[in-house]
There are 4 protein chains.
Amino acid sequence: MRLGVLTSGGDCPGLNAVIRSVVHRAITDHADEVVGVEDGFLGLIENRTRTLTLDDVHGILTRGGTILGSARVARDRMREAVSRAKELADEVGIDALVAIGGEGTLTAARMFSDAGLPVVAVPKTIDNDIDATDVTFGHDTAVHVATEAIDRLKTTAESHQRVMVVELMGRHTGWIALNAGMAGGAHGILIPERPFDIETVCCMIEERFARGKKFAIVAVAEGARPAPGTMKFEHGGTDLYGHQTFGGIGNRLSAEIERWIGKESRPVILGHTQRGGSPTAQDRVLATRFGWHAVEAAHEGAFGHMTALRSGRIVPVPIADAVARLKTVPESRWIEAEAVL
Amino acid sequence: MRLGVLTSGGDCPGLNAVIRSVVHRAITDHADEVVGVEDGFLGLIENRTRTLTLDDVHGILTRGGTILGSARVARDRMREAVSRAKELADEVGIDALVAIGGEGTLTAARMFSDAGLPVVAVPKTIDNDIDATDVTFGHDTAVHVATEAIDRLKTTAESHQRVMVVELMGRHTGWIALNAGMAGGAHGILIPERPFDIETVCCMIEERFARGKKFAIVAVAEGARPAPGTMKFEHGGTDLYGHQTFGGIGNRLSAEIERWIGKESRPVILGHTQRGGSPTAQDRVLATRFGWHAVEAAHEGAFGHMTALRSGRIVPVPIADAVARLKTVPESRWIEAEAVL
Amino acid sequence: MRLGVLTSGGDCPGLNAVIRSVVHRAITDHADEVVGVEDGFLGLIENRTRTLTLDDVHGILTRGGTILGSARVARDRMREAVSRAKELADEVGIDALVAIGGEGTLTAARMFSDAGLPVVAVPKTIDNDIDATDVTFGHDTAVHVATEAIDRLKTTAESHQRVMVVELMGRHTGWIALNAGMAGGAHGILIPERPFDIETVCCMIEERFARGKKFAIVAVAEGARPAPGTMKFEHGGTDLYGHQTFGGIGNRLSAEIERWIGKESRPVILGHTQRGGSPTAQDRVLATRFGWHAVEAAHEGAFGHMTALRSGRIVPVPIADAVARLKTVPESRWIEAEAVL
Amino acid sequence: MRLGVLTSGGDCPGLNAVIRSVVHRAITDHADEVVGVEDGFLGLIENRTRTLTLDDVHGILTRGGTILGSARVARDRMREAVSRAKELADEVGIDALVAIGGEGTLTAARMFSDAGLPVVAVPKTIDNDIDATDVTFGHDTAVHVATEAIDRLKTTAESHQRVMVVELMGRHTGWIALNAGMAGGAHGILIPERPFDIETVCCMIEERFARGKKFAIVAVAEGARPAPGTMKFEHGGTDLYGHQTFGGIGNRLSAEIERWIGKESRPVILGHTQRGGSPTAQDRVLATRFGWHAVEAAHEGAFGHMTALRSGRIVPVPIADAVARLKTVPESRWIEAEAVL
């Protein structure tokens, strides 16, 4: 079998581990040929591929990023590509394609699959927002990095009687903020799923100081938003909520808290450190297992499916199930977290 | 409600996180009183307890070990204690007991529960050998530490064209060796579930060197054993297989490989570094969630149950189910690992 | 002898290690009494002190922050305090004071010393800007944290063909950016000592991409400034150069690069993670040695001196020598760094 | 200029950083040609070399080990090689040789230099036993790894009321044990420079337990030895003091302590984890600076010299000065450490 593999979407620790695993399983156990597609679906459209050997994947297990690259595709080109999916497969010369990516990639993979391209998907997301799998690789590393940062911030916050606001990734879901906040022992956790009231946040902090505590840590997802009309002050430039501007929620919230409670507050924006670098052991293992099962799925003809973790086992699930809805933080996880805030 | 809490058995990162969570949930949300029992069941028998307040658990989330201590109890005393379990609860003054521990603790907890002591259990094990839960806290930290060590050993092995034999914890099950071996990219993984043939191991290494590779890493669980009669040479003192002697499997295997293939081989025995120190983010979160649910189980009267993780949710399961059998590495996990060795 | 000890100025990993060492050396070896002064010079003025025992410093070696707290003093109060330094010592009941702090603290310590208060100083600074000592504790930890972040950012930058701008601490000197930039293999290092030309920076990046490299990392000290008139675009709000605003140099530079070269550029602001958390081994050792020598200096009456590291040895030097000038990055260090950019 | 570079002796984090720096400085700034010699002096004798380009050293800054390999040379071959050093240089085609290595390498480098080969040396040692330089790269990483292990062991030792004996590298000098012991807060530090009395060690531990402390950590250098006749019990096989046997000092000491004081004692042998893996930021910077200065020394004709760190500056010193004597732990460092044991 000639097996294509591509990585698409944002960077995520563990992508290389999947690629390595696909290559090992396919070549060593199935005597397949493996073709790496460069820069995601763009490379598929432009027929930019290269053969992948065991040597090519030597040493990449522990490395962040993706040796295949990743890029965005304009919508028009993607639509066109989907409509001629089978020809595409012939041009590139593949019998089956392993597409590794997040929600957007899964949606694209599904369209390709519907159009007749034999696609198997491997879900990746640091945000943990993909439904139908207990978790995917990348998230554990992001939480690990964020937790280390919170651990460090605690002592400096305490020594200086400060509030520290840590802005973490998560535009639509709050999993990183929830898990890193719980792991780091944050005193406030703000997530997109629950619009926050700034007064409640500030009162919580004031109460802590009133009880003799000398500091507070607030973990805030970049997508967390105040309930309308609750921010007292104006902050930042024109593009208030955008990611690239200087006025992200971390900066704005920190300034707001400082003015409100009259104590020093400092923002920390961890940014892309959360999605780069060597994956945690857990993410390496999960990514390696996913790679193995993606090859199996291709050989079994389970196209249109993706690998999913369910109670410790890897099973194939229809991609359609995974993209049907975003996996948000449920009430049950929230009330567990609230008890230790 | 007056809630007792004890930790029993070997050290495990995350014990303090459970204690902290129990105290927070019980005191803040239920207005319970929490009584810490010292040194596990020994403290229960000897009525050595102390009240736990929110202040007592301040700052312990990130700390390894257990603030309550842990100790072994002679069998006779345990049997006697079980038979008068209810009086014991009265003496200590508790309405329900949260027992945090591994397989031995769960078995004891079950006996106490059968004898009428209202017990709720929280499973802990770095070995991951407890059935009925997807995983418990402690294991991820152990794998993390072991993987970091393998990462470091690889470069030194490569520079010197050496074999490195890393002995990891796991007397009865090979989960740590399996997961850390996969995460670290080991070339051989030896686990108790699969007696190994020394010749196969040495041939694998010789083949690697023949293919131009300059080193090999073997991850071996302390409980891994050669198939009878396959070790060529004599090693060590009288207590060949015991843990405390100088001739653990890591040392013996390394010596055997060196003599067999005629290349330098070095053992590394990570020992208790795998079960000490600050828990990983994942273990902190899981431990915290378990604590929350243990309190709920006590309030709901779900005695004789333990908290278990199932596909991301925490559910109560009968302790009897968990201790019925040891969770060993299944064939399905083994064949996934074999592909990347 | 009754020995006072205080920590003053910004947080710095290793402060607790000095306190612990002072207490051990003073109590165990000299049978001194040790008095901890709370919140730096403020506690001295307000006579807020507490006895420190061996138990009080148990377990603090590895902890960031300071158990004594630190606070700012208004200038008027400080001046007054200096003028009645001797009475102050009598009130607080100390025969000698160990003042641990940065440049401001050393200046204050010198004034107190000149006014007759028997002061010995221990220099601390994450910025490495104190002259007269090879290095002080805190800097190694800051560089360690910053380097870990750059390591992580590299893979994500490479996968996405991005520029990453990492803003590091250092308002007046560029030591952290220089050392972390070298250790992380940054492609541009911008420090306060050398106003940068934005065109040169962008050309360097464009050349890298032209040579087929897929990413660039720029380490910029928060105090680095463009040569006047070289920034092409307008950024941020009113308080362009201030630390608390949303338009710090990292944000501004990243936006500038993105517009100039037409490739995605992302800022990462590590902030206070660089000055919090557990000190590195090196910082713990140096802090411990400084504590030992501070006690010796007090017993030898070497008042007005501070501990300094010189070629591996700890020696007392006049505080005046240390505060005479800021230690900036010399030309010799810069040209070493340039070769590997 | 045609510049040869080789790495020799045991593995040491930072070797690759030196190679990378030599290549950058030589090629970019001097337009030199750089020739990598494989497997140390063996490759020199056997004329196994390859040209090193900027691409060859891409990405190696952060990697442990050495891309050039390292191997031992039989004495006879080395003597012969020294006698025809100049021809050797002609055969290999080099105008100057940068030899990176430890004490043995420096001695060899000196002999080659005396015989007319234009050699410049760069000292490396994780043991910190090279005189004439404040410190060399590799040591900080070893201490970092050892300290992390001690940090982890503390909590498990405390929970179980155990003694933990950590065997660290250092056959002839105790620097790693001293620095990691101080950084980790060990209660006993045993080094080759000071033969220990087992009774004193055990009494110290017993006193700790008597004072209510629940554990003890002993850091022991692999070369530490009991004063003759002080070990009470017999341990291990025939090769009592050798490194490869099962009866290293860590194992023996742990067994001795357990029998003596009647409390559980556990050995941990970190082994080669101390000399592998990614170098610390400090080691990367120092290694990079050394590489720069080695190229300068070659261009200035400072043959027979090695790079040395003195109070923050890199200076050339005669190799003869460095190999004249082993740098052992001086009394002054020892008494600093004793105060906090």
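Keep in mind that glycine also has a Cβ here, set from the backbone N, Cα and C atoms.
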Co-listed ATP-binding residue [TrEMBL; alongside C:R72, C:V73, C:G102, C:E103, C:G104, C:T105] among C:G10, C:G14, C:G170:
C:G10
Same-site substrate binder from C:R266, C:R284, given that TrEMBL records C:T125, C:I126, C:D127, C:R162, C:M169, C:G170, C:R171, C:E222, C:H272, C:T273, C:Q274, C:R275:
C:R266
Shortest C-alpha distance to C:M169 (substrate binding site) - which of the binding-site residues C:G10, C:G102, C:E103, C:G104, C:T105:
C:G10
Collapsed DSSP category at C:T273 (substrate binding site):
helix
Cβ within 8 Å of the ATP site centroid (C:G10, C:R72, C:V73, C:G102, C:E103, C:G104, C:T105 excluded): which residues?
C:S8, C:G9, C:G40, C:G101, C:A108
Have a look at the binding-site residues (C:E103, C:D127) and report the one with the fewest Cβ neighbours inside 10 Å.
C:E103
Considering Cα atoms only, can you say which of C:V73, C:G102, C:G104 is the nearest neighbour of C:R275 (substrate binding site) among these binding-site residues?
C:G102
If you measure Cβ to Cβ, which of the binding-site residues C:V73, C:E103, C:R171, C:T273, C:R275 are under 8 Å from chain A?
C:T273, C:R275
Restricting to the record's ATP-binding residues (C:G10, C:R72, C:V73, C:G102, C:E103, C:G104, C:T105), give me the longest CA-CA distance in Å as a whole number.
15
Just checking, which of C:V73, C:M169 (binding-site residues) has the fewest C-beta atoms within 10 Å of its C-beta?
C:V73
Select the closest residue to C:R266 (substrate binding site) from the following binding-site residues, measuring between CA atoms: C:G10, C:V73, C:G102, C:E103, C:T105.
C:G10
Pull out the binding-site residues from the set C:T125, C:D127, C:R171, C:T273 whose C-alpha sits within 10 Å of the C-alpha of C:G10 (ATP binding site).
C:T125
Cα-Cα distance linking C:R171 (substrate binding site) and C:V73 (ATP binding site), given in Å to the nearest integer:
21
What is the number of other Cβ atoms found within 10 Å of the Cβ of C:G10 (ATP binding site)?
21
Can you name the residues of this chain that are 6 or more positions from C:T273 (substrate binding site) yet have a C-beta less than 8 Å from its C-beta?
C:V145, C:A149
Max Cα distance spanning C:T125, C:I126, C:D127, C:R162, C:M169, C:G170, C:R171, C:E222, C:R266, C:H272, C:T273, C:Q274, C:R275 (substrate binders), Å?
33
